[in-house]
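In Swiss-Prot this protein carries:
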- 15-35: transmembrane segment (TRANSMEM)
- 57-77: transmembrane segment (TRANSMEM)
- 93-113: transmembrane segment (TRANSMEM)
- 123-143: transmembrane segment (TRANSMEM)
- 152-172: transmembrane segment (TRANSMEM)
- 175-195: transmembrane segment (TRANSMEM)
- 211-231: transmembrane segment (TRANSMEM)
- 261-281: transmembrane segment (TRANSMEM)
- 295-315: transmembrane segment (TRANSMEM)
- 333-353: transmembrane segment (TRANSMEM)
- 364-384: transmembrane segment (TRANSMEM)
Amino acid sequence: MLQRVRKLSLLRELLESGAAGGLLLMACAVLALFVANSPLAEGYFHALHVPFAGLDLLHWINDGLMAIFFLFVGLEIKREFLDGQLSTWANRALPCIAAAGGVVVPGLIYASLNAGSPETLRGWAIPTATDIAFALGVLSLLGSRVPTSLKIFLATLAIVDDLVAVLIIAVFYTAELNTAALMGAALVTLVLLGFNRLKVKRLAPYLVMGVALWWLVLLSGVHATIAGVVLAMTIPLHASKAAPDDATSPLHRLEHALSPWVAFLVVPIFGFANAGLSFAGMTPSVLAEPVTLGVALGLFFGKQIGVFGAAWLAIRLGVARLPVAASWAQLYGVSLLCGIGFTMSLFIGLLAFRDAALQNEVKVGVLVGSLSSALIGATLLSLTKRRLPAVDPSRDHQADATALDDLGREDAR
C-alpha cells in the first residue's frame, strides 16, 4: 500500500513538474515575441549571434543545451518502454497507434501544400511533433476536469512522438557526413555499451564519454542532439528484485537530476531564443505562404484528425481501449492539444531551413497552429465534464468502482 501511494505521488509530481515547465515555456515564448517587437529587438537579435568558442550563442543553445533536452527525452523513452506505461502492449497500444496517426496526417497535409517546391517540402516533419511541456501546461489549467488517465495518455503519446521525431531528425536532417568523426562516435558508443554490459552504476564515466560523443557527433554532420539520445540508451536502468529502489538506478538518478533543469532552464531558454519573431515589414500575406499554411494546418487539423482518427479506429477494432473514466469528447479535446508543436516543431524547422524568411514562416505557422490547438482544445475540455450524463447509481455504481480500480492500477505502474 505504501509503495502504491509512493508511485502515485511520483506520477503526480512528474505531471505537475511538466505542467509548471510548460507554463514557464509559454511565458518565455510570449516574452520573446514582446522583446522581438520592442526597442530591445536589436540587442536581442545581436546577443543571439555573439560568437563564443567557434559557435554563436544561438548555435550553443540549439546544438548544446538541446542535447541535454534530448538526453532527458531519451531517458524518458527508455524508462517508459522498459519499466513504465509503454512496457506492455496493452498500455502502449493506444498512444503508439494514436502517435502514428498524429505523425502521418500532419506530414501529408504539409506535403500536399508544398509538393511543388523541393526546397519547402523539406519541412514536412515540422507539424508532426507534440510539445509535452506546453500541452501538460495547458492541461494543468483545467485541473480535475481532465481524468488522470488522459493525462497519462497525452504524456505517453508525446514520448512516442519524441521518439519518432528523433528518428526523423537522424534520417532526414543529416548533413554531409564526416566519416572519421562518425567512426569516432561509433567507438565512443561501443565504450558506453561496454560500461552498460559491465553494470557500471557510477554516472561520471557515462557523462565524460557523453561529452566526447557530443563533440564527435557535432563534427560528423549528424545533428549533435542525437548524441543525447544515444547516451541515454546506454545508461543502465538496472531495475531488479535485488535493487528495487529507484535510487539505485543510474537512469532514474540522472532523469531525476535533469528534470528541473530541463523544465525550468533548458526548454525555456530554447523557447526564448527561438520564438522571437519580428513582425516588422511582415504583411498578412505571410499567412497564405505554403510553409505557413502547411505547418499551421498540419498542427491544427492534421494532429486532431490523425490522433483522434487512429485512436477511434483502434478502439473500435478492439486493439486498444478508451482511457479509464474518459469520454470520447475528452479524448477529442486531448487530440486537439496534440497540435501544440512548439519546441520540437521549431527545432525541426531550424534544421529544415537555413533561409531566414522560411524560418519566420515556420514560426508563424507554429504559433498559429499551436495557439489555435491550445485555445480550442482547452475550451472543449473545460466544457466536456458538464456535458457528461448524470450518474445513475443503480446502473453505474459497479462500472465506476471498476474504472476507479483500473485507474489506480494504471497509476501505480
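Even glycines carry a Cβ here, placed using N, Cα and C.
Under the criterion of 3 or more C-beta pairs below 8 Å, with sequence separation of 6 or more, the transmembrane segment (93-113) and the transmembrane segment (57-77) do not qualify as touching, having fewer than 3 such pairs.
When each of 57-77, 152-172, 261-281, 295-315 is scored by its Cβ pairs under 8 Å to the transmembrane segment (364-384), the top-ranked stretch turns out to be 295-315. The list of residues near the transmembrane segment (295-315) in space but at least 6 beyond its ends in sequence, with Cβ under 8 angstroms from a Cβ of it, reads 93-94, 97-110, 113, 123, 126-128, 130, 157, 287, 321-322, 328, 331-332, 335-336, 338-341, 345, 349, 361-362, 364-366, 368-370, 372-373. Where the transmembrane segment (261-281) meets the stretches 57-77, 123-143, 152-172, 175-195, the count of C-beta pairs under 8 angstroms peaks at 57-77. Nonlocal intrachain contacts for the transmembrane segment (57-77), taken as residues 6+ away from its ends with a CB within less than 8 angstroms of a stretch CB, comprise 47-50, 159, 162-163, 166, 210, 214, 218, 223-233, 235, 251, 254-255, 258-259, 261-262, 266-267, 269-270, 273-274, 343, 347, 350. Counting only same-chain residues 6+ beyond the ends of the transmembrane segment (211-231), those with a CB under 8 A from a CB of the stretch are 63-64, 66-74, 77, 166, 169-170, 173-178, 181-182, 184-185, 188-189, 192, 351.
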